[in-house]
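Report on the following structure.
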Number of protein chains: 2
Amino acid sequence: MKTIVVCSGGLDSVSLAHRVADEGGLIGLISFDYGQRHRKELDYARTCAKRLGVFHDVIDMRAVGSKLTGSALTDDVAVPDGHYAEETMRVTVVPNRNAIMLSVAFGVAPARQADAVAIAVHGGDHFIYPDCRPDFIAAFQAMQDRALDGYASVRLLAPYVNGSKAEIVTDGALHGTPFAETWSCYKGGDLHCGRCGTCVERREAFHLAGVDDPTAYEDPEFWKAATEGFKAEEVR
Amino acid sequence: MKTIVVCSGGLDSVSLAHRVADEGGLIGLISFDYGQRHRKELDYARTCAKRLGVFHDVIDMRAVGSKLTGSALTDDVAVPDGHYAEETMRVTVVPNRNAIMLSVAFGVAPARQADAVAIAVHGGDHFIYPDCRPDFIAAFQAMQDRALDGYASVRLLAPYVNGSKAEIVTDGALHGTPFAETWSCYKGGDLHCGRCGTCVERREAFHLAGVDDPTAYEDPEFWKAATEGFKAEEVR
């Protein structure tokens, strides 16, 4: 299947790109610049496309991003520290982000002669992000089947949708993903901060997968306290 | 219901804006610049928003439009003359256009405190454009219910989805739509050409509705032959 991977440059989507490339189906990557403060990750997506020898479409959606207010990823709102699945992480939601990115990808796919679009949503996203859940993925495919009826047939692949981020690390390692060449931190500084939700989630995933984490964090130990605090809260 | 109308500046969406305003629910218009050659219509959308005293968000999607190849509306492909519902009109399809525009509108809606998005798709669109059909509208709503679950509830309104364009003209007249302040022609010249699919469809709709057409066409008589030719083809 000729597949375009939606690739942010993060650990999940770069691992997915390597997996699809290994399976022989990768034809290109598509990335979205929606004015996120961690735009640095786009450089990692570009590097990934070069490494895998495929095209890289970067879609400038900053005009759209500026209209989607209320997220700590695009606005002048502080990115919270803590565990990724906490209620406080709701401020990192960009409303309708995946629906927007996927519909653009499904518009690009026929022009690129692709018959599949792959996205790296995973089980750990489900608490906070409704547009990462299995029922969203199924409903999106159903919508697209109607929108492109008679013009194109494009499948939406989400192989990690029921897995954990630790399983992505395991899978990424299996397919030779150079994890140091991926970016997660929402704050977009020189190093991964180690304190924001996605840094804590990243560090925890390597730990659970038993894979060496090559990432340099500003605060490499914070994740333990955040993870334990989150578990204690869940028990209450 | 606080409603944002997706408004191109064409006859259908300007009529819809006037209807929703009359019903008391209009809070704003949203338009998309996707590099269409008939960008002139965007001026008519702006005029409509001013006339109705509501905000007008114009979303610059030209970076996206340039990746959606193959349409006579965005590319260097000739716009065909003839009846709107003919097979030849398939070249005017911009793949996935409505899915893309609507997902952006559904991202903007929560930021604008809107609880509905309205679009002026109609029965005459069904032959050629799959993303104007009732099953697409229903599938899109189902997808959005999942994508925004827990964050926002936004309804998709498509009051003309089962009607004809003639019925839109009747409805538009009822709500005082100034039809001369709307733009249909795909070619985007000084006057409506009178020969392209959407000019023929416009002229025919006024005729069927029995409403005076205030539009100045370069070729005001072509529509009759095109309509008769199309009907003859249907019979064969």
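Note that the numbers count up from 1, one per residue, in the order the chain is shown.
Placed from the backbone N, Cα and C atoms, the Cβ positions cover glycine too.
These figures come from a predicted structure and were not determined experimentally.
For reference, TrEMBL has these:
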BINDING   A:C7, A:S8, A:G9, A:G10, A:L11, A:D12, A:S13, A:V14, A:S15, A:L16, A:A17  ATP binding site
BINDING   A:C185, A:C193, A:C196, A:C199  Zn(2+) binding site
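The binding-site residues listed here are A:A17, A:C193; among them, A:A17 has the most other Cβ atoms within 10 Å of its own Cβ. Here the Cα atom of A:C199 (Zn(2+) binding site) is found 14 Å from that of A:G9 (ATP binding site).
A C-beta separation below 8 Å, combined with a sequence spacing of at least six in one chain, links A:L11 (ATP binding site) to A:K165, A:I168, A:V169, A:G172, A:T177, A:F179, A:T182, A:S184, A:R202, A:A205. Ranking the binding-site residues A:G9, A:S15, A:A17 by Cα distance from A:C185 (Zn(2+) binding site) puts A:G9 first.
Local packing around the binding-site residues A:C7, A:C185, A:C199 was summarised as the count of other Cβ atoms within 10 Å of each Cβ; on this measure the leading residue is A:C7. A 10 Å cutoff on Cβ-Cβ distances gives A:S13 (ATP binding site) a total of 26 other Cβ atoms nearby, all chains included. One way to see the shell of the ATP site is to take the Cβ centroid of A:C7, A:S8, A:G9, A:G10, A:L11, A:D12, A:S13, A:V14, A:S15, A:L16, A:A17; the remaining same-chain residues with a Cβ within 8 Å of it are A:V5, A:A45, A:C48, A:A120, A:T182. Taking Cβ-Cβ distances under 8 Å and a sequence gap of 6 or more within the same chain, the neighbours of A:S15 (ATP binding site) are A:A120, A:I168, A:V169, A:D171, A:G172, A:H175, A:T177, A:T182. Of the recorded residues, A:C7 (ATP binding site) and A:C193 (Zn(2+) binding site) place their C-alpha atoms 21 Å from one another. Between the C-alpha atoms of A:A17 (ATP binding site) and A:C193 (Zn(2+) binding site), the distance comes to 25 Å. Under DSSP, A:L11 (ATP binding site) is assigned to a helix (H, G or I) in the three-state scheme.
A:C196 (Zn(2+) binding site) sits 17 Å from A:G9 (ATP binding site), counting Cα to Cα.
Cα-Cα distance from A:S13 (ATP binding site) to A:C193 (Zn(2+) binding site): 20 Å (rounded to the nearest whole number). Cα spacing between A:G9 (ATP binding site) and A:C193 (Zn(2+) binding site): 17 Å, rounded to the nearest whole number.
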